[in-house]
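As given in TrEMBL:
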{"type": "TRANSMEM", "residues": "16-36", "note": "transmembrane segment"}
{"type": "TRANSMEM", "residues": "48-69", "note": "transmembrane segment"}
{"type": "TRANSMEM", "residues": "81-103", "note": "transmembrane segment"}
{"type": "TRANSMEM", "residues": "109-131", "note": "transmembrane segment"}
{"type": "TRANSMEM", "residues": "151-174", "note": "transmembrane segment"}
{"type": "TRANSMEM", "residues": "180-200", "note": "transmembrane segment"}
{"type": "TRANSMEM", "residues": "295-315", "note": "transmembrane segment"}
{"type": "TRANSMEM", "residues": "321-339", "note": "transmembrane segment"}
{"type": "TRANSMEM", "residues": "360-381", "note": "transmembrane segment"}
{"type": "TRANSMEM", "residues": "387-407", "note": "transmembrane segment"}
């Protein structure tokens, strides 16, 4: 039976392994990047960088006001229009810049204040929101065109350049966070130049406003949903910094960075599933299929973190001295990666079915719930061991809320965009 399923879906399996090859390569290189950086910056500086980078990821979803969604959909179904939609995307990026700058200034004012200089924060956010996000758009378009191998290679190149910058930075004479911000921006800028010159399809750029009008509603809904998704995804880092300070934020950032490594194979799976759902939006009608997919995501994520925890228990200094000082906390968050990845998976289901408005509403509710629960944990449990254990219960509650909202929405007809 398994052999028959593999044979029937040979093309899909081949494409997935093309994508997962990029994730595997990215996993190894990301680990090298993390080890070099986490052991060069102080724990407090690493916490500030990770939190500023998280803010940049959130702000990157405001760039272009979600027009990357129509660009991706067009590359999947009408590739001859990629040039027209690329022109629209670039125009949307330019229009969105003042909003991104204002939102960034307010984020710095609320969460960072005197802990991080505004100039350093701006460089990190620009590198994340403009340079790296633009590279991600090139990857997204290649995936839409079914060029999965090229997309995977570009991800590896971009991640390798950042890792190289981190290693060179570790051997440089100035190893402050301010200095690292420029190394980071330079690596991201070089990666973007390579992406545009060698990986973006050769198209004639043009602006065709009449093509964009019917897709603007989806664009705005997607940008709202994406911002809300990453707010609820990255809010924990911002709240830990605001409540616990840079040192606690650094410890938390190291733990969650290790947790994030388990998500890379799952995100590759999500991307493939989204493309299949765009073509067959009713494929998840079966409760058996839904349950099997969710169980797979949870088990793979949990086993990944468990394996990492065992490895670091045996070789505690394998990832460096700074990381060794906090690896004992890793088993406390054993179920967090599986639950986080399931929430992300469920959000992608609604996007694939064209239910971006409902997705945005669901993510807003999840963001509010996460802010309330995490704030309560940080204030109630002062010992970091206690509140880290309770993160499992918090993400379980968020998962149940997400499942209720998502599968309620799936009962409604899919919307083709």
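Cβ coordinates are placed from backbone N, Cα and C, and glycine is handled just like the others.
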The transmembrane segment (109-131) and the transmembrane segment (321-339) contact flag, 3+ Cβ pairs under 8 angstroms: no
With the cut-off at Cβ under 8 Å and a gap of six or more residues from its ends, the chain residues touching the transmembrane segment (321-339) are 35, 38-39, 42-43, 46, 251, 254-255, 258-260, 262-263, 297-299, 301-302, 304-306, 308-309, 312-313, 384-385, 388-389, 391-392, 395-396, 398-399
Between the transmembrane segment (81-103) and the stretches 48-69, 295-315, 360-381, the largest tally of CB pairs under 8 Å belongs to 48-69
